[in-house]
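Quick look at what TrEMBL annotates:
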type	residues	note
BINDING	ASN96, HIS101, GLU106	oxalate binding site
BINDING	HIS99, HIS101, GLU106, HIS152	Mn(2+) binding site
DISULFID	CYS20-CYS37	disulfide bond
DOMAIN	51-206	domain 'Cupin type-1'
Amino acid sequence: MVLVSSLGNAFDPYPLQDFCIAADDYKAAVFVNGKICKDPKTVTANDFFFSGLNRPGNISSPVGAKVTKVFVDRMPGLNSLGVSLVRIDYLPKGLNPPHMHPRASEILVVMEGTLYVGFIASNPENPSQTNKLFAKILYPGDVYVFPRGLIHFQYNVGKTNGAAFASLNSQNPGVVTLANALFGSEPSIYSDVLAKAFQVDKKVVDYLQSLPWRQN
């Protein structure tokens, strides 16, 4: 006798209501995409509004860049819509450090400055090959896309301040900044692990873990 089994999957690819305004009312009955839905009768235009992206962010950080996020926590109307937005400001030689978004791809448009941007592909199947870098110099008006989950960065190689806007296809794309995560986690990763992974002396790792890893 032959047994045959099959597995079926079903899902709704889009929200089944006009909106679900994220609320802090935990007595509410509807829970969508990790947020409580606000009572539709109390929804206002301000739930779909955010102001301030016309102003540069505070770029006096160690890396010389600032990301101003418009995620669902700052614009509740984004809940269940699958989109978000950021503004990134850069000093000359300012860097948005290598990072990745586990839940979103990103498309970036340069407004000011000259940016060196790139992303790194996944590990190749052939262990003798290296990860491939896809990088380019961008100027105002240029657009670049970073695929979901891949490590990427932007660096202002120009002599003036830079600015860019980026849209992501998630209301809460998540951000993992590699330096912060690897050297600034709490509790710390065993230095032996990182020393072996990066093939450096353990004292180098100890030094890096002693730094204030809050870059952006």
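Glycine is no exception: its Cβ is also placed from the backbone N, Cα and C atoms.
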Cβ within 8 Å of the mean position of the Cβ atoms of HIS99, HIS101, GLU106, HIS152: remaining residues of the chain near Mn(2+): MET100, ALA104, PHE119, PHE146, LEU150, ILE151, LEU168, PRO173, VAL175
Within the predicted model, mean pLDDT of the domain 'Cupin type-1' (51-206): 94
Neighbour count (Cβ, 10 Å) for ASN96 (oxalate binding site): 28
Lowest local Cβ density (other Cβ within 10 Å) among binding-site residues: HIS99, HIS101: HIS99
Rounded Cα separation (Å) that holds between ASN96 (oxalate binding site) and CYS37 (disulfide bond): 33
